[in-house]
Structure formats: C-alpha cells, structure tokens
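Here's the structure, in structure tokens; my notes come after.
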Amino acid sequence: MGTLTVNQNKLQKRLRRLAGEAVADFNMIEDGDKVMVCLSGGKDSYTMLDVLMHLQKVAPIKFDIVAVNMDQKQPGFPEHVLPAYLKELGIEYHIVEKDTYSVVKELIPEGKTTCSLCSRLRRGTLYTFADEIGATKMALGHHRDDIVETFFLNMFFNGSLKAMPPKLRADDGRNVVIRPLAYCNEKDIQAYSDFKQFPIIPCNLCGSQENLQRQVVKEMLQDWERKTPGRTESIFRSLQNVIPSQLADRNLFDFTSLKIDETAASRFVNVVNL
C-alpha cells in the first residue's frame with residue numbers, strides 16, 4: 001500500500017480508535033493473552049486482524065496473535081489465498097481442515113438455509129482448536145451492524161431481547177469470545193477493505209443464499225438509515241442502556257414486590273395540606 005489519502009487516513013484512525021475503545025470498555029484483551037483471530041476470508045475478519053495487529057504494537061500490554069482459518073472443504077475453496085496472505089504478514093497462523101460442508105449438505109434439504117448448522121459446526125471446531133493451542137481469547141469479526149441485526153432477528157423470530165455481546169464466555173466455559181469491531185459500522189469496514197484490497201474469499205455455501213432472514217433485517221435497517229441517518233447507532237446505544245423496570249421480564253425485575261411508597265405518599269399529603 002502506498003501513502004494513504006486524507007479520507008483513508010481518517011477512516012483507518014476511526015476504525016482503530018473505535019476498536020481500541022471496545023477492547024478497553026469490555027476488557028477484551030489482557031496482559032499475556034493469546035488471541036486466536038478467526039479468519040473467514042471476508043472483509044470483517046481481515047479488518048479485525050489488521051486493526052488488532054496495530055493495537056498489538058501500540059497497546060500498553062503484551063499479547064500474542066494467532067490467525068486461524070477453518071477450511072470446511074467447500075468445492076472451489078481457494079486454499080492458497082489465506083496462507084499466502086498470512087505468510088506475507090509474518091504472523092503465526094493455522095489452517096484447520098474439517099469437512100463440515102458434506103455434513104451440512106447431507107442434513108439440510110436443498111433450498112433451505114444452511115447458516116445455523118454451518119455456524120454451529122464451525123464454532124464447535126474452533127472452540128476445540130482454541131483450547132488445543134492454549135488461546136485465552138477467541139476474536140470474531142462481528143461489527144456493530146451485525147449486533148443490531150441479531151437483536152432484531154431474535155426479537156422478530158425468537159421472541160427474545162438479545163444480541164451479540166462484545167464479550168462472551170462460551171457455554172463450555174473454556175473459551176472467551178471477543179468482538180473487537182463491536183463499535184465499528186459495516187460501511188466503514190467495507191470502505192477499509194476496498195482500499196486495503198484484502199484478498200476476499202466469497203462464501204459459496206451460505207453467503208450467496210438469497211432471502212435469508214438476516215438479509216431481510218439488514219435491508220430494513222439500511223432503509224431506516226437512509227431515511228433517518230444515525231438510527232442504527234441509536235439502536236446500538238440502547239443495548240448499552242437497558243432499564244429492566246421499563247420492560248416486562250420478571251426475571252430481571254421484581255414487579256410482584258412493587259408497592260406504594262408509604263413514606264412518599266405521606267410526604268405528598270403533607271405538602272398538599274400546606
């Protein structure tokens with residue numbers, strides 16, 4: 001890459017700043033951590049690796065980075081792309097080979113979405129590999145827009161208010177998942193990927209499927225953003241400002257014990273009688 005333009009420099013600084021803030025706010029990376037950076041070959045994971053490598057140089061703490069890609073044996077997968085790119089970067093990397101493609105094609109009927117099963121199989125394999133190499137954190141490339149989309153997907157289709165947390169302890173208790181791009185928007189990541197010219201690998205298994213629920217939600221949010229700029233950011237901020245007493249979850253707030261504050265009522269009567 002040559003000298004950055006003014007706009008490219010601003011974009012790079014913004015992504016680095018936002019990722020740094022997310023890492024600090026949620027204590028994602030600690031001194032001595034071994035961070036397994038999961039690479040899919042898409043714009044998000046490339047950007048995450050790029051940003052984390054910079055953070056590694058400037059952070060006041062020391063941590064290691066290990067890049068990991070999972071080769072799911074999809075037909076036509078360009079096996080040479082990521083190894084060549086990572087060798088050029090000069091960082092430690094591993095390619096985990098696991099034929100989940102055949103499992104997904106066998107179990108999912110033609111025309112049905114494969115994303116859910118595919119992600120579960122991939123996640124399980126990566127969790128196990130992280131444990132094998134002694135990784136203390138597992139970094140995923142989900143960004144702010146992914147988090148907001150997941151929030152609406154769960155609300156619309158699962159009847160639950162949950163999204164993707166920036167930091168998560170896996171159900172098995174062995175892995176801590178972090179999302180350093182949690183504060184970054186997809187538009188910036190796409191622009192950064194374009195000018196950095198990352199060697200993008202398309203997902204032929206699920207990324208090209210049409211009419212996925214996530215795509216419907218994505219288009220809804222993009223339409224909202226066009227009509228009311230800043231709405232996605234406002235929705236994301238709401239996930240950081242939850243008021244349980246104003247919802248209806250009895251596990252989060254004790255509604256049954258709510259009673260009149262006799263002291264407050266007495267004070268009100270006294271004021272009225274003055």
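Just so it is clear, glycine is given a Cβ too, placed from its N, Cα and C backbone atoms.
Keep in mind that TrEMBL annotations are predicted by a computer and have not been checked by a curator.
Database features, via TrEMBL:
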DOMAIN    34-198  domain 'tRNA(Ile)-lysidine/2-thiocytidine synthase N-terminal'
MOTIF     40-45  motif 'PP-loop motif'
BINDING   CYS115, CYS118, CYS206  [4Fe-4S] cluster binding site
Per-state residue totals over the motif 'PP-loop motif' (40-45) - DSSP helix, strand, coil: 3 helix, 0 strand, 3 coil
Confidence summary (mean pLDDT) of the domain 'tRNA(Ile)-lysidine/2-thiocytidine synthase N-terminal' (34-198): 91
CYS118 ([4Fe-4S] cluster binding site) - helix vs strand vs coil (DSSP): helix
